[in-house]
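Peer 1: For reference, the structure I am asking about is given below.
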Amino acid sequence: MIGLRSYGYTAPSSKKINAYDVPQGVDIRGRFDEEFAKILTKDALQFVADLQREFRNHIKYAMKCRKEAKRRYNEGALPGFDPATRYIREGKWTCAPVPPAVADRRVEITGPVERKMIINALNSGAKVFMADFEDALSPSWENLMRGQINLKDAVEGTITFNDKARNRVYKLNNEIARLFVRPRGWHLPEAHIFIDGEPATGCLVDFGLYFYHNYANFRNTQGQGFGPFFYLPKMENSREAKIWNSVFDKAEKMAGIEKGSIRATVLIETLPAVFQMDEILYELRDHSVGLNCGRWDYIFSYVKTFQGHPDRLLPDRGQVGMTQHFMRSYSDLLIRTCHRRGVHAMGGMAAQIPIRDDPTANEAAFELVRKDKQREVKAGHDGTWAAHPGLIKTCMEVFTNIMGNSPNQIETVKRDDASNLTEDDLLQRPRGVRTMEGLRLNTRVGIQYLAAWLTGSGSVPLYNLMEDAATAEISRVQIWQWLKYGVELDGDGLGVRVNHVFGRVVEEEMARIEREVGKEKFKKGMYKEACKIFTRQCTASTLDEFLTLDAYNYIVIHHPKDVSSKL
C-alpha cells in the first residue's frame with residue numbers, strides 16, 4: 001500500500017449537483033454515476049472502511065517487511081525455507097475439505113471484468129472463470145466500477161451485452177463456469193477512494209464491494225452453500241496470507257455466514273512465496289482451495305529478487321519455460337504441497353490465442369498448448385489456465401484423457417518424490433542465451449502493452465499471445481537487468497552489449513509499432529507516453545517495484561464535488 005502522495009489530475013468541475021452518500025471518513029474522488037452509486041452504497045462503503053481501518057496497519061507492516069527482505073536480497077542473501085516454521089512444513093495437518101461446487105477445476109479461463117468477456121468466459125465450457133481486477137485490468141475508475149456492476153449482474157444471472165457492431169445480444173447459457181474473482185495485490189492503492197485521508201487499499205475495495213453485494217446470491221446459486229470464491233495474487237509470505245484469512249473471518253462474521261464459507265486459491269507467483277507454500281496454506285487452512293503456478297509473474301519475481309546478483313541473469317524470456325530446472329522444481333513442489341494438504345494444485349497459463357488467418361501457424365500454436373498441458377496433467381496438476389475460449393476444448397481433452405471422470409488428482413498423485421527438492425533446486429540459474437531479437441521483442445511488447453494499459457485495456461493480444469501486466473513486467477525487468485550489468489547479446493553472434501544499442505533499438509521498434517498499428521492509431525494512442533515511461537523504468541538506477549505503480553498516476557482522474565453537493 002502507498003502512503004500519502006499526489007495522484008492523477010483533477011477534472012473540470014461539473015455543475016450537476018450529484019454526490020455519493022458516504023459514511024464518515026470516506027471521500028470518493030471518482031466521477032459520479034447513478035449506476036456506480038448502486039455499488040457505492042453507504043453500507044457497502046462502511047464495510048470497506050471497516051476493513052481498511054482494521055487491517056491498514058497490518059498491510060503497511062507487511063509492505064515494510066517486503067522492503068526489508070529486498071534489502072537483504074540486494075546485499076547478497078538468498079530466499080529459502082524458514083527454520084522457524086519447520087513444524088508447519090513437517091506437521092500432519094490438512095486444509096478444510098474442498099467444497100463440492102469446485103471439486104472439478106480441470107480447465108479455468110481468465111480475463112478482465114469486462115461485460116462481454118464475462119459472458120463469453122462463463123459460457124466457454126471451462127469449469128471456472130477467474131474474473132480479474134488485477135493484471136488483466138487497467139484499474140481506471142470506469143473499469144473498476146463497471147466491473148463491479150458486471151459481476152453483480154453475472155451473479156444474479158441477468159447479465160447481457162448488446163454488441164451493436166455485430167447486431168448480436170450476448171447472454172448466459174444454462175450451464176456456466178464457476179466464478180472466482182481476483183482482487184488487486186496488497187501493494188496497489190485505490191486513489192479514487194480516500195478513507196481517513198489516505199487512499200484505500202485496492203484489494204480491500206475490490207473484495208469488499210464484490211463480497212458485500214454478492215455473497216448471499218452466490219451462496220444460493222453457484223456456491224451451493226459456499227463462497228464467494230477468490231484468487232489471491234502477489235503474496236510473498238504467510239504473513240500476508242494471514243491478513244487475508246483475517247479479512248475473510250471478518251467478512252463472514254459481518255454477513256452472518258459459517259466460518260470457512262469463503263474459499264480462495266493463492267497464486268504462487270513470487271520467488272519468496274515458493275519457500276512458504278505450506279505456511280500460506282496453513283494460515284488459510286479454513287479458507288483454502290489450493291495454490292496456482294503463476295509462472296509469468298514468477299519469472300518476473302526471479303529477476304526482481306535477484307536484481308543485485310549479476311550471476312543470475314536471465315536468457316531471452318522465450319527460453320524460460322517450465323522445462324528449466326528451477327521452474328519444474330517449483331511446479332513439482334507445489335503439486336506435492338497441495339495434495340499433501342488436500343487441496344488443488346493448479347497449473348499455469350496458456351497465453352496462446354487462435355491464429356485465424358494462418359492454419360499452419362495455428363496448429364503449431366495448439367500443439368504447443370497440448371504439450372504444455374500434457375506435461376502439467378502428467379505431473380499431477382488438477383487443472384490449468386487458458387486465456388482464450390478457443391483453447392478450452394483442447395485443454396479439456398488433454399486433462400480428461402488422463403483424469404477420466406475423476407474431478408481432480410488430489411488423492412491419486414501425491415508426488416512424494418518432490419519431498420527431496422532443495423533450495424538449490426528452486427534457485428538453480430536458468431540456462432540459455434540472450435539475443436537481439438529477444439531485446440527487440442521485450443521492447444516492443446513492453447511499450448505496446450503499456451500504451452494499451454494507459455488507454456484502458458489490461459489484457460492485450462500481441463503477436464498471437466494474450467499479454468497482461470505479468471509479461472510486460474518480464475520485458476521491463478529483463479531489459480533493466482541487462483542494462484545494469486552491461487550484458488552481451490551472446491546468442492546470435494552479434495556480441496554487442498545492450499547498453500550500446502538500447503537507444504537505437506527503442507527508436508527502431510517504435511517505428512515498427514507505428515507501421516504495424518498504422519499511423520492513425522499510433523497518433524491517437526499513447527505510444528509515445530508509454531515509450532517514455534517504459535524506457536525511463538528500464539534505464540533507472542533503481543528498479544521500480546511494479547510497472548503499474550508508476551503508470552497508475554496517468555489514469556487517476558479526480559472529480560471535484562460541486563460546492564452545493566451533498567457531502
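Quick reminder: no glycine exception, Cβ is built from N, Cα and C everywhere.
Copying in the features that TrEMBL gives for the protein in this structure:
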{"type": "ACT_SITE", "residues": "Arg182", "note": "active site, proton acceptor"}
{"type": "ACT_SITE", "residues": "Asp468", "note": "active site, proton donor"}
{"type": "DOMAIN", "residues": "25-86", "note": "domain 'Malate synthase N-terminal'"}
{"type": "DOMAIN", "residues": "179-428", "note": "domain 'Malate synthase TIM barrel'"}
{"type": "DOMAIN", "residues": "434-554", "note": "domain 'Malate synthase C-terminal'"}
Peer 1: Just give the helix, strand and coil counts over the domain 'Malate synthase N-terminal' (25-86), going by DSSP.
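Peer 2: The domain 'Malate synthase N-terminal' (25-86) comes out at 41 helix, 3 strand, 18 coil.
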Peer 1: Specify the count of other C-beta atoms within 10 Å of the C-beta of Asp468 (active site, proton donor).
Peer 2: 26
Peer 1: Which chain-mates of the residue listed as 'active site, proton acceptor' that are at least 6 residues away have a CB under 8 A from its CB, listed by sequence?
Peer 2: Thr110, Met130, Ala131, Asp132, Phe133, Glu134, Phe230, Tyr231, Leu232, Pro233
Peer 1: Need one number: mean pLDDT over the domain 'Malate synthase N-terminal' (25-86).
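Peer 2: Across the domain 'Malate synthase N-terminal' (25-86), the average pLDDT comes out at 98.
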Peer 1: Summarise the domain 'Malate synthase C-terminal' (434-554) as counts of helix, strand and coil residues per DSSP.
Peer 2: 80 helix, 8 strand, 33 coil
